[in-house]
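Here's the structure, in structure tokens; my notes come after.
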Amino acid sequence: MQKVSVLLFLAWVCFLFYAGISLFTSGFLLTRLELTNHSSCQEPPGPEPLPLGHRGEPGACWMASRFSRVVLVLIDALRFDFAQPQSSHMPGEPSASLPFLGKLSSLQRILEIQPHRGRLYRSQVDPPTTTMQRLKALTTGSLPTFIDAGSNFASHAIVEDNLIKQLTGAGRRVVFMGDDTWKDLFPGAFSQAFFFPSFNVRDLHTVDNGILEHLYPTMDSGEWDVLIAHFLGVDHCGHKHGPHHPEMAKKLSQMDQVIQGLVERLENDTLLVVAGDHGMTMNGDHGGDSELEVSAALFLYSPTALFPSVPPEEPEVVPQVSLVPTLALLLGLPIPFGNIGEVMTELFSGNKDSQPHTSAMAQASALHLNAQQVSRFLHTYSAATQDLQVKELQRLQSLFSKASADYQRLLQSPQGAEAALQAVIAELQQFLRGARAMCIESWAQFSLVRMAGGATLLAAACFFCLLASQWATSQGFPFHSHRLSVAWGLAGTIIYAGLLATAGLKLDPVVLGAVAAVGSLLPFLWKAWAGWGARRPLAALLPIPGPVLLLLLIRWAAFFSDSFVIAEARATPFLLGSLILLLVAQLHWEGQLLPPKLLAIPRLGPSTPAVPPRHNGMHALGLGVGLLLCTRLAGLFHRCPEETPACRSSPWLSPLATMVGGRAKNLWYGACVGALVALLASVRLWLRRYGNLKSPEPPVLFVRWGLPLMALGIAAYWALASGADEAPPRLRALVAGASVVLPRAVAGLAASGLMLLLWRPVTVLVKAGMGAPRTRTVLTPFLGPPTSQADLDYVAPQIYRHMQEVFRGQLERNNSQGPLTVAAYQLGSVYSAAMVTALTLLAFPLLLLHAERVSLVFLLLFLQSFLLLHLLAAGIPITTPGPFTVPWQAVSAWALMATQTFYSTGHQPVFPAIHWHAAFIGFPEGHGSSIWLPAFLVGANTFASHLLFAVGCPLLLLWPFLCESHGPQKRRQTPRNEAETRVRPEEEEEEEPLMEMRLRNAPHHFSAALLQLGLKYLFVLGVQILACALAAFILRRHLMVWKVFAPKFIFEAVGFIVSSVGLLLGIALVMRVDGAVSSWFKQLVLAQQR
């Protein structure tokens, strides 16, 4: 079996999983239909005439305007408690720990001195709490769906009716300044605009200072009707420092001065709106639906009396979308067509001198217009799609009809009907709130057919991986049949697409991919069963899950518990530790830890051939204890999920720049650099130990000189990043330039090293001489060139094993000018050396994307992997020529370590925990209009552990052969001087262990082992994504589906894609090394013939 076929086979299996993930996702994460209808003054929202007095007035449309101008100050991430009076604080926390309280003192003064002119509300935000979705809600009055969160940094123009479009359509002059997200959402909509880049969360002042430069001059000019200022400093301060940092108090104090300056400049016909688009967690993040994230501040102020009563003791809670219909009617505009918000009736009650009946009628009038608009939207939307619940829709329409009829009767006899008026207001509010609740629930409707189809395809792919991994090492299995199966799948897809096109139906790429996957899988299974499987007993085809598989199945079943998903960061180290203890116990039971003299003692249970132990008992126990210790130390680096408020996240995951004390910062910087140096030194020592550091090949030279340069660049960047704010003014330009150059230089060096490794992956020391060889590692002339690929595959190990014994006499008969004799040192670790070098080159730039102190986690990662590989190698015999098999416990432990490292690097499978700062490593000024590069950097930061462990997965196969040097045969050292190169007497000669050259001794078994390893790893990862998909499918109406199960599925899906690509890259690297070794031997043999 050719190794290229192995790679193609695994790529085909990955495609099966991709098709299942895509099909399930298309049914689970749906987007609602966006209507392009628009409201207009010429078309009333309902059949009833507009209220009397609303026609013909200046600025009137559906309702007479109360204000001619509005100043909207949007303070990003202005959490509600940021605007609370100083006497209030969050329950359970002393006020001394909340430095942000009382910083917006101007709001408190207005509420105390001018209670009828200002009002503070708690704005209830609909998740997801990302900026782009909140801007959509604040302008359209609608609800973005869950999947829209993915486009938070790839905004597109809003096609739905919105306030900005209504304002420009009415000829109002809209001036904007601030977050450039508005530029993409409303292209060309502003009469004047000052956009500033918003993605750099480390920059606290550029956007805010740019706004302040234009804010007051624009207000004084009077050339505006609506002024929008979107400040970002509070949000960026939360991301960089958190809400409890002194910088947050400074930033809020700055916002307070802005509000005070605006209040002093307002005219009587102007309304001031200060709003937060969302809140933030205790860590300063947002994107989820925790109480702190969905609680934002909303403050309204007018120089004239705006409210008939004084503010309540507890601020009223209003949905965020309620601001849209309220502002539209206050400005005399039509309510946007797709709005589902409810007007804030208190703003339509008149001033404090208004009569109660007049105030109530004004409220009922506003509510009725609002209800007419929502009823029209529901009718239009239900006619275009079947998303809305039919029974609930009918009930709401009946409720609206009754409320509308009661309202018309009140208009005919307006006097003396106070109770009826209040009843009408209650009915209209009930209708509006019911409509909003129905939309929230209905827009979470799922395509059950697609979800079931995707889950079925994932299950079929997992089952196929399990069966094929059992069959892979058997003789005669049809590995090449997948090519014909792929052809069948493509043919079926083309026929299906043709039928759809003939019928005039829309072609869905997701469905076409699923059809291709099913069309290729079924023929393969049929041919494999008919031509090979039917001749074998059923028990040999169906693997029996061992204790390890059962343990993992229990873990996968726990994915159906939201509590376990939340606590997975703590459960994974426990499972990994249990598996380590199981491995040690299994080694003891199989006799791998017993002294040789005790191996002959009979034991209970099935007998297996006794293999001499490669390690003594204390050594293996030491490996197990070291693994458990590393696992425990890695657990110290953890980030607590927001659902566990009693938990405290590790402070070591924060950047050094957030530390206040200079001495502590310097000590931590030294520890981080020490971990970096230790990581570099350990890799170099490992390569030197196995002799691969003595090669003159370009990759080895790069390891000698390039890796230290990369480590130096990383250390220098850490020093600049941790002290950038403390740099003298004259050096800040230099520091800013170095912050750009250093990360890019490290990435460029890593890319160069990987290219060199792919170009010349054979890292062995070759020496040529005349006459007899001086060492045992001799490659002598071969009797004729190989006549086939099989001959070439057998050249290396045969020459490597029988060099002196076969050709010694021939060499002695040759004269001094005889054929050239070549000595190759440490060819037995050629595969592992390339893998370790590649992993190191990947790890350094990935480390740069994390906080400085995560370097300690990366050091633990390498140490933990090293110990685990040695422990696993102790139980895998290599004395047989094949087949080679990597046991399930090895693959399972490797996958568990990837998950544990994901959590130890400060990640959680939730959107608020994403490390957005990684997008600015090397790009502190942002990326312009590019979205792929920041997405790549953030993804590399998030899924670094998945990538590293997937690329390093072939080490599970290679390491047992590498550990042969620890066996009874003594490992030969590379000659260091002329005295050591003298030929030793025959009786003192010891055969050089073949190590990884044993794999080339059986090329078919080598390819089968690579295929089996890839299938097992894909199975372990595939069952994880299958469990998450089934949990989301079965628990789709669970309270925590969007908070826990949906994010977990998304992270597992992306993690599977990254891991599968990394696995293919790792196996491809092994094949590249194998091909280079074959080419090397072929050139050597041909040179001998000349």
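Cβ atoms are placed via backbone N, Cα and C, with glycine included.
Bear in mind that TrEMBL entries carry predicted annotations, made automatically and left uncurated.
The transmembrane segment feature in TrEMBL is assigned to 484-503, 509-526, 538-559, 571-589, 667-687, 702-721, 733-759, 830-849, 856-878, 943-962, 1017-1037, 1049-1071 (among others). Under the heading region 'Disordered', TrEMBL lists 967-993. Residues or ranges marked as compositional bias 'Basic and acidic residues' in TrEMBL: 975-985.
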### Query
Taking residues 6+ outside the transmembrane segment (856-878), which of them lie with a CB under 8 Å of any CB in it?
580, 583-584, 586-587, 590, 592-593, 611, 613-615, 620, 623-624, 626-627, 630-631, 633-634, 637, 652, 671-672, 675, 678-679, 682-683, 843, 847, 850, 884-887, 889-890, 893-894, 897, 901, 904-905, 945, 948-949, 952, 955-956, 959-964, 998
### Query
With the transmembrane segment (943-962) as the reference, which stretch in 484-503, 571-589, 667-687, 1017-1037, 1049-1071 has the largest tally of C-beta pairs below 8 Å?
1049-1071
## Note on the structure
Counting only residues at least 6 beyond its ends, the same-chain positions whose CB falls under 8 A of a CB in the transmembrane segment (1049-1071) are 3-4, 6-7, 10-11, 14, 17-18, 21, 25, 28-29, 757-758, 761, 831, 834-835, 838, 898, 902, 909, 939, 942-943, 946-954, 958, 1010, 1014, 1017-1018, 1021-1022, 1024-1025, 1028-1029, 1031-1032
### Query
Counting Cβ pairs under 8 Å that are 6 or more apart in sequence, does the total for the transmembrane segment (667-687) and the transmembrane segment (830-849) reach three or more?
yes
### Message
Before we move on, state whether the transmembrane segment (702-721) and the transmembrane segment (733-759) share at least 3 Cβ pairs under 8 Å, counting only pairs 6 or more apart in sequence.
### Response
yes
### Query
Can you name the far-off residues of the same chain, 6+ from the ends of the transmembrane segment (509-526), with a Cβ under 8 Å from a Cβ of it?
12, 15-16, 18-20, 22-23, 26, 450, 453-454, 457, 460-461, 464, 481-482, 484-486, 488-493, 496-497
## Note on the structure
Residues outside the transmembrane segment (733-759) whose C-beta sits under 8 Å from one of its C-beta atoms, at least 6 past its ends, are 698-699, 702-703, 706-707, 709-710, 713-714, 716-717, 720-721, 724, 727, 834, 837-838, 841-842, 844-845, 848, 921-924, 1069, 1072
